[in-house]
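Chemist: Here Swiss-Prot flags 20-75 as domain 'EF-hand 1'. As annotated by Swiss-Prot, domain 'EF-hand 2' applies to 76-111. Sequence annotations record features per position, and here Swiss-Prot assigns domain 'EF-hand 3' to 113-148 based on sequence analysis. What Swiss-Prot lists as domain 'EF-hand 4' is 157-192. The site 'Involved in dimerization' annotation in Swiss-Prot covers 149 and is backed by similarity to another entry.
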């Protein structure tokens, strides 16, 4: 699902760019400033902004737009998409500006730090934001993910999967998985983060070749700036 999101992103952007007459609002943030908070280069940030303008309303996007663009879903709500959106909607307004949009994509960039991916994936599963993952939270994510992908497993099989997960991860035997235990589990099984990388984000300026860049910079990773 994650591997296909940029194709949907590009497709929707091209449609909207050809059918929308209104000029979107100018970006308030300096591209260099936005880039510093991400793994994107300044040129990539400008490409992303052109994309953002094509899908936003008044410089903002809501959860439905976010889900449609990133996950190619419209009628079926995705718990994963909801969680990603909510974690970047820090003010609980139900909308994201461009900077939050860029940061939400940055964590899925293949060049994002592995530790950042571990931390973010932990937050995705910590549905109640209690600082640990409970069995019911894991089951909720597994059940919803399977349903969204069209897979049907018996409750017995699902419970067995969760049992094995906790047997390995819950080393403190307290019925929950904390950040330390989650990190250890992921380090043993890196494939748990396979959905945390979007390969096409490495070539965002090539994916959207029609977008015009205005900032003249040396195209080096933004984290090296300033």
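Glycine residues also receive a Cβ, built from the backbone N, Cα and C atoms like all the rest.
Keep in mind the model is a prediction, meaning the values are calculated, not measured.
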Chemist: Taking the Cβ of residue 149 (site 'Involved in dimerization') as the centre, how many other Cβ atoms fall within a 10 Å radius?
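Modeler: Around the Cβ of residue 149 (site 'Involved in dimerization'), 9 other Cβ atoms lie within 10 Å.
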Chemist: Who are the long-range neighbours of the domain 'EF-hand 3' (113-148) in its own chain, taking Cβ under 8 Å and residues 6 or more past its ends?
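Modeler: Counting only partners 6 or more residues beyond its ends, the domain 'EF-hand 3' (113-148) has Cβ contacts under 8 Å with 1, 39, 73, 76, 78-80, 83-84, 87, 107, 158-159, 161-162, 165-166, 175-179, 182-183, 186, 192-193, 196-197.
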